[in-house]
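Asker: I am attaching a structure below and will ask some questions about it afterwards.
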């Protein structure tokens with residue numbers, strides 16, 4: 001081997017190239033993953049949440065649905081849902097944190113209808129007076145009630161919308177069935193009318209063909225027609241009958257011989 005060629009280098013051990021992670025970094029990563037995972041609720045917490053949901057459900061039915069007409073109850077639930085969703089999406093916005101009971105829409109949808117204002121209070125709204133004006137203001141400490149109550153509102157509104165859609169489809173189907181039945185009756189009537197016209201035309205053609213085959217043609221028809229014409233006119237028909245004139249003897253002539 002010549003001096004210009006260098007000997008091949010020996011491979012480095014894997015421990016020399018792999019990055020080393022300190023125990024502190026591993027512990028910090030594990031703690032970070034633990035914080036990112038949602039905390040598991042205890043049995044008592046789950047039972048409390050279930051009872052809270054059931055309370056909101058009872059406040060809607062029978063609390064709101066039964067004492068109010070159906071359309072008005074659904075309209076009020078939609079208004080409550082809109083207020084709650086706006087507040088959940090932007091809880092720091094003062095515009096969504098309060099409403100005035102004297103507002104025409106709020107008065108009609110929340111105040112005048114039974115059970116609706118109580119549901120808003122359960123969401124966390126409390127009555128206050130500011131500058132001699134009544135308000136219902138939401139307090140951030142009731143965020144959990146707001147979340148649960150909004151879920152229950154959405155549950156009832158979605159169920160109503162599904163029922164309405166199904167009823168609408170059923171109504172459309174019934175109307176379509178009625179239209180199809182009426183169309184079948186109309187087509188059957190048209191078919192019967194067309195069949196009758198065809199039958200009448202066939203009968204007329206049969207009568208015409210029978211009439212033409214019963215009458216003779218040519219000389220035979222003429223021979224039959226002449227006696228019929230002669231028989232139709234009797235001698236003396238149309239003349240007046242009178243008594244004959246009296247008999248007169250012929251005058252005598254010279255050649256006749258008179259006897260004594």
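Glycine too: its Cβ is placed from the backbone N, Cα and C atoms.
The following feature annotations were taken from TrEMBL:
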COMPBIAS  1-29  compositional bias 'Low complexity'
REGION    1-56  region 'Disordered'
DOMAIN    70-147  domain 'PUB'
COMPBIAS  190-206  compositional bias 'Basic and acidic residues'
REGION    190-260  region 'Disordered'
COMPBIAS  219-231  compositional bias 'Low complexity'
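Help me see these features in their spatial surroundings.
Answerer: Per-class residue totals from DSSP over the domain 'PUB' (70-147), listed helix then strand then coil: 47 helix, 14 strand, 17 coil.
Within its own chain, the compositional bias 'Basic and acidic residues' (190-206) has no Cβ neighbours under 8 Å among residues six or more beyond its boundaries.
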Asker: Looking only at the compositional bias 'Basic and acidic residues' (190-206), how are its residues distributed among DSSP helix, strand and coil?
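Answerer: Here the numbers are 17 helix, 0 strand, 0 coil.
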